[in-house]
Structure formats: C-alpha cells, structure tokens
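These features come from TrEMBL:
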type	residues	note
TRANSMEM	A:6-23	transmembrane segment
TRANSMEM	A:44-64	transmembrane segment
TRANSMEM	A:76-102	transmembrane segment
TRANSMEM	A:114-130	transmembrane segment
TRANSMEM	A:142-163	transmembrane segment
Amino acid sequence: MSAALLIDILLWGSVLGVGLIAFRRGPAVFMASLREGSMDFINIVPRIALGVIGSGYIAAIIPQEVITGWLGPDSGWLGVATAVVAGAATPGGPVIGFSIGTVALKSGGGMPQVVAYVVAWALFAFQRVILWEIPFMPARFVWFRCAVSVPFPFVAAAIAMVIGKP
Amino acid sequence: MRKPIGWSTIIIAVLVAVSAGLVWRRDGADGVLDILTHDLSLFSGILPRVLAGCLLGAFISEILPHEKVSRSLGPKSGLMGLLIGTAFGAILPGGPFTAYPVASALLAVGADFGATIAMVVSWTLIGYGRAVAWEIPIMGTDFTLWRIVISLPLPVLAGALGRFVYVRLYPKPLAKDDEN
C-alpha cells in the first residue's frame, strides 16, 4: 500500500508543480486550465466507468488457463504469433501479465516467445487500452498507435533469437 | 480531448454487453453482481487519480510553449523528435493516469503522431515504473534487463513507422503545416 501512497504523492505533487507554474503566468491562465481539466474529467468519467466495469466482464470470460495454454513450448514464428495474441488478450494488470510470462518460462516456453508475449502485453493489453488509453487520448490516435505497433513484438522476438538468452 | 460518445465507446459498450451476457448465462445474476460491486469499488478508488491526470494534462498543455513543442516534436522534427519522445516516455513518472493525459496534451500543442507514438511506446516498454514495481520482482532482474535492452530500438522504430504511414494516410493536414 505504501507504493500506492507514493504514487499518489508523486502524482498530486506533479499537479501542484505544474499548477503553480500556470498560476505564475497569471490567475486567469490558472483558472482556465483548472476549468479545462475539470471539464475533461467530467467527460472522461463515463468512459473510465465503462472501461473499469466493462473490462471486468470481458476478463471474466477469458480464463487465465487459456492464455497460459497459448504460451506452450510451441517454438518458431507460430509460437511467437500465438504469444502476441495471448499478450493482447491477457486480462488484468501487470501482476497477471508477468506471472503468466514467468509460468511460461518455467514450463518450457521459448525465450523469443516469452519476450514477444511481454512486449505484446505492454503494447496491446486490452484492459489498459480500454480503461486508460481510449478515454484519455483521441480514438484515432489509439487505433493508429495499435496498428503501427503490430510488427514490434515480432521484431523483439527476432532480436531475442539473434542475441540469445540473457 | 474527445466527445463523450464515439465509435470506440460504442464498440466497447457492445463488447461489454456481450461479455456481461455470457457471465450472466454462466454464473447467473450473482456472478454479474459480484463483478459489478468489485469493479465499482475499483472505479471509486481510481477516480481521484483520473482527476489528477486530467488536471495534469490541462496545466501542461497550458504552460508548454506551443512553437517549441511543434518544432521539437512536430511532423518535421525528424529523428531528433522521435528520440526526444522516447526519452520523455522513458523518464515519465507515474502510471497510465499520467502518461496518457500528458501524451494527449503533447498532441494538442503540436507534437505529431510519430513523436507521440514514440513516447507512449517508450513509456510502456522501457519506462522504469512498471519494470521496477512489477517486472523485476516477478520475472527477475536478468530477464527484465535483457527484455528492456531488446526493446530499446522499438519506440523510435514505431514512431518512424507511424510517421511514415501517417503522411501517406493523411496528406492534407501535413500540407497545411507546410504553408505555415
């Protein structure tokens, strides 16, 4: 819990810092940004609500065992492709994603496949995209960003194949 | 930022409705309610952070010098712009509630898709926050460092690909920039 507290202190400290800079530009600038930020908040809340509550249901119909099963010792590029899909479909936060990666490593998953899984999870995990990226960013940007990111788990796997294990 | 209801919201809402229906068929009304109460408490917990993120984004887009941002992160910022975006994403503290509002603010004040993609991808792949808090404890230091080394070139490559595709998909906004 202390980590969460640290994050909150850091977060509100940053808000205070940039708020202070805005205030020194003049109270009008400060008030305008404050109003802008509050309006954004009001607009974003329904989308975040949909994301949080909704991704819980989506996660509930994707059993974790299915994801782990996709990360078997299947080697080669087919294994990499499966790992990429598994990374995008993994429900939940970082604990689940990295734990699945660890299980895959211990149960004989290949290094390039596990790297592809972790990178794909970082780039596409649907819960983060639905819950955070789409509410906060222009939708066109998010879809575009996801589309141009598709090759990169494969690039990471290729680099892993070339440079070998750690 | 965007209008409250767009196509993405509609698609997500449909996905959610279908999933909730499947949960209802499998676990009954109790299953649906269990998830709802759990997620509602999660939702109330993150609301303050969402507010902080929104304020952060609003203040940052107000205080950033627009010309400087579009010069160093805009469509014509070249490799340097992608590198700046990558470095910025790697050192940005906090979680998704800081990264996405800040990225959105950068877009609003003149960064292009390429540099912003480099920033977002860098935050998610080489940012230290998640690596220190989760990846090292769960996956081990060796794997994490090795994975980060492999990921180092990816943000710049993703940003470059983004820029390359964007110019071809949407030639008009760029032509407008040329006139300025």
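One-based numbering along the chain as shown.
Here the Cβ of each residue, glycine as well, is placed from N, Cα and C on the backbone.
Automatic prediction, not curation, is the source of TrEMBL annotations.
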Same-chain residues near the transmembrane segment (A:142-163), Cβ under 8 Å, at least 6 residues beyond its ends:
77, 80-81, 83-84, 87, 111-113, 115-117, 119-120, 123-124, 129, 133-134
Sequence-remote contacts (6 or more beyond its ends) of the transmembrane segment (A:76-102), Cβ cut-off under 8 Å?
55, 58-59, 62, 64, 67-68, 70, 109-110, 112-114, 116-127, 153-154, 157
